[in-house]
Each structure stands twice: as C-alpha cells, then as structure tokens.
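Peer 1: My structure is below; once you've seen it, I'll send some questions.
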C-alpha cells in the first residue's frame, strides 16, 4: 500500500494573476502557459510596439504645440464656421490613447520577462486597432491642413533633445534585462546573433545621437545676447479681449516694448481694430444685426460698430483659459468693451511703445478702397506718436508711405534674402517663428536687419529664441514672458559633452553587467538530467524543451507505466491543469478516454541542490500547489491506470 501526503498549500500569486488577467483575461492558474508565443500573437506584439512609437510622436507633437492652441482653434473656426476649443479634447484623447498603449506594452514586456505566453485579449485588440487608426487619421489631417505646424517638432527638439536622449538611454538600458534573458534562453546561434546585433545597433545609434543634436542653448553664458523685446499681440489678449482698448491698456501696464494691431476702415472712413474679416467671432453682431453677420467688417458704418459688444465673447469662450483669473473689476470692464478706434488705441500707447500695424484688404466695392492707406496715415500722424516707433508692414503703397512718413520702419512679412530686402528699403522683418532658422537670424543680423517673430507664448520657446539671438517677439502672454529672467536652461558645451560621455559609459557598463548576469543565471536551463528537471518553471521554454524534459522524467523514474499510456503522457499538454482529488492526489482525466491518474508522493523540486517552491504550478483553484518536481524516492511513485 502506497502512502500519499497532501501537496503543499498554494498561496495565490496576485501579481502574476493580474499580469496575465489584464493583458489576456487569463486570471486562473490553469489558463497560463509557458509555451512559445504563437506567430499571430507575435504579430500583435509588433503592431503594439509600432503603435506605441506612433502615439508617442503624436502625443509629443500635440503637447509641444501648446504654444499655438489659440491659433489652431482660430484655424478650425475659419474652416468650420463656429468657435470651439478643440485643443484640450484632442490633448486629453491623445494622452488617454498613449497611456493605454503604453500600459499594454509594459504588460507584454512583463510577459516576456516571466516567461509567460502572450495572448492579447480581443477587446484589447479592438482598442489597439481603434487607437492606431484614430492616430493615423488625425496625424494625416494635420499634415494636410496645417503642415507648417510640424516644424514645431524640430524646433522643440532644440529644447528637449538633450533630456530626451538621457531618458531614451535609460529606457534602452533597462530593456537589456529582457534582451539578455531572451539571449540566454535561445538555443539557436543564428537567433542569438540576430537579437544581439539588432539590440547593439539600437544602443550604438543612441550613444551617437548627441552628434546630431544642435541647440542654441548649448553655449557659454558670456555669449548670451540681450533679452528679446516683447510686443503685445493685439494688446494683451490673455488679460482682456483682443484689439480692444482694455487690451492695449493692459499691455502698457505690462511694460511691453510695443504692440501689434490689425486695422480696418469702416464704410464711412473710420479706422478701427479688427482681426477677422467678419465680426462674428469677437462681437455680438449675430444678435444685433443677424442678417449682416457674414458681411465684411469694413461694410459697417462706425455708428453701427459702436452698437456692438466686443467683450462678452472673451468671457464666454475663454480662448486662453484666463477669464476665471480676472478680478471682479476687470471682469466687468471686459464684459463692456466695444469696438476700438485706431485713434483711441494710439492715444494709449503713443508715449513709450512701438507699434506694428497690419491691414486687412478691403472689398473692391468699398468707397475708400483706393484711399484707405492715406486715411490711416493721416490718423497715425495726427496722434503724435513718434514715426520711428511705427513699423509699417503692408506692401501696398510703400513709396507713398516713405514720402509721407519717412521715419516709419519699413517692415516686411516675407522671408527674402538680405540683398533683396535692402533694395526694397526694408529694415525689419516680421515672420512666424517656424519660418526662420538660427542661421537665418545670424545672417539677417550680419546684414543689419532686425527680426521680429510671432506668436511666441511659451517660456521654453522664448528661451530658445533668446539663445538664438532673436531681437524681439510678438506674444499673447507678455505678462508671462516679461517675468522670465533668463533662458530656462543654458549649458556650456564642455559640460554637455561630459554629461553625454558619462551617461553612455554608465549605460554600457550596466548593459554588459546585465548580459553577464543573465547568462550565468539562465545559461544552465538547457542542461537536463533525471535528478534536476522542472516541468513548470518561471522561465520560458519552448515546446520542444518541455517534450524532452517529459521524456527524461518518465524514462528515468522507476514507474509502472503501461505501454499504451506512454504516448499520451509524452504529449501531455503543459497548459492542461492537474486538479487535486479528494484524497490529496493530483488527478487529470486526459479526455476521459485514456483514464490516466498520476499519484505523487515524496516529490520536491531541486534547483542546484536547494529546495525551492516553483513560481507556477498546475493546481490553482482548490488551494493545493502541485509543482512539477523531480522524484526523490522512486518507490513512492507510480502511475495508476483506471
């Protein structure tokens, strides 16, 4: 009579259950497997990895274009016909998609680390494909509708590349644990070489990336130029409604160097300030004159324009998310703003502030279509503002402007070579920041041409342009930029090179150490003998390895095995559970038609001579652990055939 002892009590493995459960809905222990991941699941892992990098780029892009969120909303307003803040919903959706993909990738890598077979659940596959398609469609739409904005990515890298490099270096170094583990477990030399070569290529490329990093802020502090002058874009549009008298008063309070304004001529010849062609976005024209809401703003008499409110939209739409920070007095003042005359604005800014004027083209049927330049010039000169403080931007009637106001600074909105600009009498350029490189700024400075860049709202972008030597910028956030005392970061070249080399050396030493340790830890897994066999271990084995170990275990033990039971035992699926019977034995009915029972007594797992409890076992639901073990006493082990 053979005595049997109950198997060891099983303690739930919560971390492993959560890992396989969240990724593939395999919450039960018998659902897990150490078999090779199928080719189909490997394809899904490749799709997951590609989606991660794609969503990473998209998330980085949308985070960095925060500088232009208002411009994006205005661009979409012109195409869709109504105002809505699209930037935040897109950012939140992008962040959620990136977080989801990142979570799945981390779970997949953890599966590889613990040797579990990957089996992505079908719901995650749907979520993965949906996120991937949405990202591709959105990126393609932005590329077609607003391709100029992608230049922001390359500009932002001048500020973030040195730090992104260190982060990427840390991530690739951490991945060496997984790569080294897979390298040690792989039997084929060809597979090992391919794996090692691919990883080595990535590491070496990352080590050499700083050779291509160019940032104007990698410079000696002594070479840093003066802080760029700040001009208020349409006044101070984050503190008051744009192009209103209150907006320019706030700009003067912020001690800006100048302001930029958009001038239109009313139907009866009064210059006033308005950026859009219609009055719909920044006034209540749809309430006061609903039948004329889509007319050009210049087709209104000044008496009609005076009836419109130009401040309520600012409080309702809150384009810069700043309306809530206004004081009660400022809130009430903003709510009662009206359309502003050019004459009134000049009276506010004429003493200590320069001015960039931009003009809207009038419809051909406008009564002052051919003389609006003359009327505007008369208004400017009559205000008493210094001619040297006015930067004249329109190309129309430049010769006339030079004759009437020779002191105006002739400014161009077109990027041309320095020689052509001098021929046209241009002394200043007003360009979008994405249109100018660091080399262009230096070339224009050499030619004694000043450059003003718009619209610069973020301190990091302001810092980059400061380091590049830009003389002035136009900003919606003058109240923020004026508080920036110095560039956000400034690093001497020698210090940067030291950080670069040190990071690479530390990464190299860690990677070498990890490969050596993993080879030592896992290198003996492929050595089998009857006294040291583990049929279920926390490391990944191929199906062929499992079959070999089963054969050795069967034929090296003194078991009574009927001949007809051996083939079925050899092909016993490692994913099938052996469940404990009432008498404490593990019993698995292999399809009932074979009626095979295994009785274990005196088993324990031996790993390098030390008794251990295997991390993964078959019996999980009934509280017994049934580690697949090496028999220590062949006399207490038998195979019973029902």
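Any Cβ shown, glycine's included, is placed from N, Cα and C.
Taken from TrEMBL, the feature domain 'GP-PDE' applies to 228-485. Taken from TrEMBL, the feature transmembrane segment applies to 43-63, 86-114, 126-146, 152-181, 193-213, 498-517.
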Peer 1: Which of 43-63, 86-114, 152-181, 193-213, 498-517 has the most Cβ pairs closer than 8 Å to the transmembrane segment (126-146)?
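Peer 2: It is 43-63 that shares the most Cβ pairs under 8 Å with the transmembrane segment (126-146).
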Peer 1: Residues of the same chain, at least six outside the transmembrane segment (498-517), with any C-beta under 8 angstroms of its C-beta?
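Peer 2: Distant contacts of the transmembrane segment (498-517): 162, 165-166, 169-170, 172-173, 176-177, 180, 183, 203, 207, 210.
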Peer 1: Over the domain 'GP-PDE' (228-485), work out the mean pLDDT and round it to an integer.
Peer 2: 95
Peer 1: What stretch, picked from 43-63, 86-114, 193-213, has the most CB pairs under 8 A with the transmembrane segment (152-181)?
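Peer 2: By Cβ pairs under 8 Å, 193-213 leads among 43-63, 86-114, 193-213.
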Peer 1: Would you kindly list the residues that approach the transmembrane segment (86-114) from elsewhere in its chain, counting only those six or more residues past its ends and only Cβ-Cβ distances under 8 Å?
Peer 2: 16, 19-20, 22-23, 45, 48-49, 51-52, 55-56, 58-59, 62-63, 66, 69, 72-73, 76, 120, 124, 127-128, 131, 134-135, 138, 175, 177-178, 181-182, 538, 540, 615
